[in-house]
């Protein structure tokens, strides 16, 4: 006899019941080693050996289980009462106490069952699932099986026997033939006293008088094996009994003859009307082994005579249970493994428990699997719950379910892959020890709007779904009761990133409530079948690039098969069609990926075949049509495919069309290769001349050919996109993955990469990585989103808008969030990629409106366009945009809206609003809004630079005038990219927690005190350090933010993350952010930084960072912690990488400047000075002087002629000069100047360069501009100080004769200052009017910068401007004293001597002598005067 390892046997006292597995295939009786395990425990408890009775007729052991009607125990066995007395005599005092404890527990349970007898739900349901609560003394006995096992350890008392008899299986072998068994049973009943309570328990369905309602169920008997290692450790160690069973072939054959064959699984067990006192007839259980591993695990066990166990099987009058069993098909597991969303099969497990139970002789005992407390649902809408304490769960029930850290999510009760909806799901299925861990009851659900994800949820984590309003009421109650920060309230609030999906799930669940229960499951699967289909269409093109395209491309383009057609028989591989029956193992509610409508096409040999997924023709022509790996690896082929795909698809995604294009492009590629081979062959044969043929082959095989084709297709596509839209398009808005089909798959960035590798990758990024893949479509002026249903306003504004957004604007409803809007998707009726159009005739029932026009809200109400900065018509008077200080006389002019003079703009702005936007120009003659210059490129001189657009376009913020180049190096970090021309800059969407984060020291002097904090960044300064008047009621914007210089991607910054100190970090571009960091919740305009010295990353906003500059060392607070060591390492790394990044950025700036030439701001070009009232020019001809130069001189009135007018700096008047037209002293009037050009000189700004040599004393150019008096000069200086404009063009001639070349002038206004200039200014009198000319003071070679000394004394209120002339004697300040080279050399030599002497001599500190202050060189000290 073989003992297997998968059965279960338990021995309690003298009664033994177990499950023996009979393998009908091998005809061998198998049992489990649990029999041995149970016997070992019994022996360990008793401490004595018990002999197994042997048959007197032969020496073979007695079989444990036999046919019904046969009793392996002889009729002469001693009765149960005598056996009980013998057992009680062998009991120890400890065992008696345990027996008394068990009896007390049983009595308490019977009393509780008696109290529950009055409930009609209890009658007929006294079984293993009855809701009998445990007593305090039995709190450690969790399950039925453990209670039976513990009772087996205490089976030495009569009460233990009674408990064992009560818990015995109704299939315990009865007496043989019915005679002896009846006598034994009647004798036992006659000796047992039954109280009225016990009779009432029997009447209400208890299985025995002492029934506890916790008898072992069928699952406890045959399904889950139990290993008793944990129990053995708690028992007393005694020598184990050696169990051996030996069956010869004769006995084995006899057992096979007497065993009962198992009936079909679907057969119901019949019940008979026999009395409950009759003997129970049992049938051997035959269960087919599922795996061959169980046969291999079977071992032979023999029973030796010296160590035998005595098994006394007593005939008990046991009550049976009527069981109706319906098993699921055997192939259920296979079908559920293959299908993701398989419909539940029409099978169930129903357990009907009735009292009093009977079993007929023909009934079969079959072990069933059911949960210990709640039965398995049938997966057809039935939910059979035997426990009235548990709720009823039905397929299609809607709940709010909570798993892990997610909030409560709408879900629906669905069957799991095994067909269960309720069951025990142990947290540790591999655990085999018998500890006291509780196994929870869980319900299987699937979640809405979550791609059909499923999970098992505990009932306490389920809430009944009654709509969103009821959920909000419940959540509000929890908030009032526990507070908004409590865990109970937070688990009912979804995260910000999940709100949209959460509301979508609520909508789906709400729609499911309108569907009957019988159709909910099918509807659920249909919904997510569409989701799976859409996800399949969004796969990357590289996944199906190498797939066969014969089913689509070849069927539509049969003529292309003749390119590589070969003779021969064509094979047809036909696949078996998938069954459409929902009960079939191969059924799937989700259509197969290759399942399409079969098409009829003719093969080349004239036969017809079906092509498609079900029957696919594999032909040589189709095989060669498919793109092979060699062709796809060719870059020319990839470029050709990308160009054609972009031209045809137009940012759409259609798997069918793309497969067709792949087939067509492959055929075009094959044709081109054939033509190239023919050209090469003709060239080799000499039919074509070699120079011509080589050039043709070279041009045809180069990548430039594909590039030219791509440019032409791109031009055609742009022209087509610029055509006016008559009707809204029905194509859906492309999603982000669809637009990036041409991109290579992104590689996941690991978190713990070295910082050197990260910075190297950042420096290698191109200038367009932020704009790659963005849409070029316009966006709505209200919701800032693109879409296929955009319509242009029919009025003058010509803005784009959605119809529903216009309705929201009119009604005041909130606009949809960016990214949440879905395009209108109208399913096409044809398979062509072009949208369908309805054919309208005169007899059509409905009139189709063509060209529906919309008018935006502002145009409709006649509201004038407001300021581009404050978005208001009248100038605001708020602290964020204060008025100018001098507002007494010029308030009406400054409050007026100025219109931008740039072409194709027309934006209007207030002069007062330009205070924080220095990129704008508020000049009356040339007003310019801040949206025409890149704020990053002109940040060092916002008001003095103006960059011509050229080929570099601009991306503009939709909420403010911020404008940047369409280059990744110019876009600030955290910018929200809407499309290629519209962005949302980081100034917006600032969280409340980041609104007031500033440093505690002055950014200029690095000291504390009373600070003025910037409103847009963490910088704080002292008011006296900034040297500007700041009112208490107005906000302060620092110079960095005002100039538009925001932190960029790849720059090093100081970052304040949570409560940590300011830490050096680098801003990571979006392409370098690790994938796990991307999944973290963050704000709309946040960006990721990596902290130096660590591998930590974090999302952070603009308000928590400021630029790291050279020389920063951090705070000096030193500790010995690991955090401080990481901080020190981070500061060192930041200081080491800062010059590398700055050098790389300077190289990029030089490359950009070489491509896009910078130009100064526009100005009015004039030739002569213009007087500004009240100043006027007056000519007095009496003051004219004449010279003595004659026309016969070599150079009349020249520099060497000794002309009197030239020596007096007067220009000769042609009417009075004797030289006439030959006079050379007419530079100003004739404007004789060399060829000059304005060039950008980096940190020096714009400068003037000569393009031809200039000799010493030559006239260069006249300095012209507006001539103003001193009062006007003071007013303009104050205006420049308010505007923070440090570009001065004033040249003072006299007190009331000052030339201002700022608004009007010529090229002389671009000449820079130099401490060692090559030109100088001279005041000349021309026709009795003072004019200023610039003359060379040295020979100037070609391409040299022309400079002169500004001679500023006190122009900027005792403040000096830095000088960048680079001269040897440069003072460092404009207008400062020059440094003497000799003095500097002498000081350096003296310092070297002192250093050398200090090495050999010891210095003694000299006594301090009082210093005498000399007022002048002629003054003497006071001591000398006294003497």
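Any Cβ shown, glycine's included, is placed from N, Cα and C.
Values in this document were obtained by computation on a predicted structure and should not be read as measured data.
According to Swiss-Prot, the listed position annotated as phosphoserine out of 26, 158, 798 is 158. Within the listed segments 118-152, 153-187, Swiss-Prot records region 'Disordered' for the stretch 153-187. Swiss-Prot records phosphothreonine for one of 607, 611, 623, namely 607. Looking up 355, 370, 581 in Swiss-Prot for phosphoserine, the annotated residue turns out to be 581. The phosphoserine entry in Swiss-Prot, when matched to the candidates 208, 834, corresponds to 834. Residues 999-1044 are the range that Swiss-Prot records as zinc finger, among 999-1044, 1045-1090, 1091-1136. For the domain 'Post-SET' (1359-1375), the list of distant contacts is 1027, 1243-1244, 1286, 1312-1316, 1347, 1350-1353, 1381: same-chain residues at least six beyond its ends, Cβ to Cβ under 8 Å. Averaged over the domain 'Post-SET' (1359-1375), the predicted model has a pLDDT of 81.
Helix, strand and coil counts from DSSP across the domain 'Post-SET' (1359-1375) read 0 helix, 2 strand, 15 coil. Across the domain 'PWWP 2' (1049-1111), DSSP classifies residues as 10 helix, 24 strand, 29 coil.
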